[in-house]
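**Student:** So Swiss-Prot has the following annotated:
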TOPO_DOM  1-114  topological domain 'Cytoplasmic'
REGION    1-44  region 'Disordered'
TRANSMEM  115-135  transmembrane segment
TRANSMEM  136-156  transmembrane segment
TOPO_DOM  157-176  topological domain 'Cytoplasmic'
TRANSMEM  177-197  transmembrane segment
TOPO_DOM  198-217  topological domain 'Extracellular'
TRANSMEM  218-238  transmembrane segment
TOPO_DOM  239-243  topological domain 'Cytoplasmic'
TRANSMEM  244-264  transmembrane segment
TOPO_DOM  265-282  topological domain 'Extracellular'
TRANSMEM  283-303  transmembrane segment
TOPO_DOM  304-333  topological domain 'Cytoplasmic'
TRANSMEM  334-354  transmembrane segment
TOPO_DOM  355-377  topological domain 'Extracellular'
TRANSMEM  378-398  transmembrane segment
TOPO_DOM  399-427  topological domain 'Cytoplasmic'
TRANSMEM  428-448  transmembrane segment
TRANSMEM  450-470  transmembrane segment
TOPO_DOM  471-485  topological domain 'Cytoplasmic'
TRANSMEM  486-506  transmembrane segment
TOPO_DOM  507-519  topological domain 'Extracellular'
C-alpha cells in the first residue's frame, strides 16, 4: 500500500493580490500594485509563526482561537450541566431576570410572620425592639448577599439548591444532616402554616362580608382549610418556578398592600384607654429572660426566604460576561428595600397602636378584637381578602422545592421527565398531605418563637460558615474571624431562641390538641 505523501506547506503571498477587496486589507487600504519586474523566485516561509505583515486577516489558528474565546464568553464558564435539571421545575426554565427575582423575593419575604412582630415589641420595648429588628435586618441582608455570590463560587458548577451548597461546603453527609430539616420545614412547614392562616382568614372574611345573614349553617374551620387547599392545588399546576412569576407579582403586591393597610388602619383609630409601652414583665428573672429570647425568636422568624435564594437564582441564564448574580442581586436589593418598608412600619405602628395589649395572634387579631365595630366592613374585608391572595401566592413558591424533590426522585429512577399526569399527581398529593398535617397539628402557627430558633441557622449562620469553607480566606485574617464569629453567634442565638420558645409554650400552657382545630 502506497504511503500517503507528506502535507505540503503552502506559501502565503507577502502582499494581497490585486483582486483582494479593500475590506480584506489592513485598515481598508487599496492593494499595492504588483512589482513591474517579475520576481525571480517565490519566497516560501519556513516557520509556522508568520510575521504580522504576512497575514492581513489573521492566521486560521488565530481566527479559531478568537472565535472560541467569544463562544466561551457567551456560553459561560464551561459549566457542567446535569441533564436531569432540564426536567425539574426549579431548573427547567432559565429565562429569569431581575424583575422575576424581585417578584419571587418579595413574595417569599413578606408574609404572615411580619404581622406578629409587634408581639415581640411588647416584650422588648421601644429601644431594644427597634435595635434588634435593625440588626436582624442588616444581618440577614448580608447573608443573602453571601448566598447570591456562592451560587457560582466554583468555576464550572452552579449550586441550584440550598442543600447542594451545604453539601459542597460541609461534605455530602454532614451537609444533608445540617440543612435538610430546616429547609424542609421552611418549605413544607410554611406551606402547612399558610393553609392554616389562609383558611382561617377566609372564614373571617366570610363572616365580615355576610354578617348575621350567614350564621345558619356556616362552614367549619376544617372545611375552610379544605377550600383553601383546593385553590392552592389548582394554582400549583403551573409547571416551573419561572411560570409562577405572575403569581409572585400578585403575592408581592397584595402583601405590601395589606401590610400597609393593617398598620394604617391601626394607627388611624383611637388607642385603647389602658395602653402601656412598658415591656411585659414576668414574675421571675428567668421568666423575663426567656420571654425576651422568645421575642427575639419571633423577630428572627420574620425574615424568611433564604432557603429559596439559590433556587430563584438558578432560573436565570449565566455566562462569563453576564453572570447570574448581577440581576439576582439587583432584584434582591429592590425587594428587600420594599420589605423594609413593610416590616418596620408594621412593628412600630402596631406597637404604637396597641402597646403591650397586643394579642399573641398579631395585627389581624388586634384589628378584629379592638376595631371590629370602628373600621368600615369594606376596608376590613379587603384587608382579609388580600391576606388570602398573599397566602395563595406564597404557597406556590414555598412548595416548589418539595415538587422539585418529588420529581427528582422520579426522574432519577425512570431516567425520563415526568408526564403531566405524574406531575399533577405529585402536587395533589403534597397539597392534601399539607392539609392533613394542618388538621392534625392546628397549633403549628402559634410556635413562631420555637420555629424561628430552629430555622435560624439557615438564614443567619450557615451562609457565614459556607463562605469560609468555599472561599477559603486567609487563616486568622479579619475576614476569617468575622465569618466564623458571625456564624457561631447565629448558632448560639438559635439554641437560645429555641429554649425561649419552649419556655413560652410551657408558661402559656399551649395545649397540643391533635386533630382538634378551632371551630
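Glycine is treated like the rest: Cβ placed from N, Cα and C.
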**Student:** Cβ pairs under 8 Å only, please: of the recorded stretches 115-135, 136-156, 486-506, which one is richest in them relative to the transmembrane segment (283-303)?
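**Tutor:** Most Cβ pairs under 8 Å with the transmembrane segment (283-303) come from 486-506.
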**Student:** Six or more residues beyond either end and a Cβ under 8 Å away: which residues meet both conditions relative to the transmembrane segment (136-156)?
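**Tutor:** Long-range Cβ neighbours of the transmembrane segment (136-156): 77-80, 162, 165, 168, 299-300, 302-303, 306, 309-310, 313-314, 318, 323-325, 328-329, 332, 336, 340, 343, 459-460, 463-464, 466-467, 470-471, 486.
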**Student:** What else in the chain is close to the topological domain 'Cytoplasmic' (157-176), if you only count residues 6 or more beyond its ends and a Cβ gap under 8 Å?
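**Tutor:** Counting only partners 6 or more residues beyond its ends, the topological domain 'Cytoplasmic' (157-176) has Cβ contacts under 8 Å with 79-80, 85, 90-91, 147, 150-151, 183, 306-311, 314, 318, 324, 401, 404, 458, 462, 465-466, 469-470.
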**Student:** Per DSSP, what is the residue tally for the topological domain 'Cytoplasmic' (304-333) in helix, strand and coil?
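**Tutor:** Counts, helix then strand then coil: 17 helix, 0 strand, 13 coil.
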**Student:** When the topological domain 'Extracellular' (265-282) is classified with DSSP, how many of its residues are helical, how many are strand and how many are coil?
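**Tutor:** DSSP composition of the topological domain 'Extracellular' (265-282): 4 helix, 0 strand, 14 coil.
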**Student:** Please report, as numbers and ranges, the same-chain residues at least 6 past the borders of the topological domain 'Extracellular' (355-377) whose CB is under 8 Å from any CB of it.
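**Tutor:** The answer is 112, 115-119, 121-122, 201, 204, 208-209, 211, 262-263, 265-266, 269-272, 274-280, 346, 383-384, 387, 446, 508.
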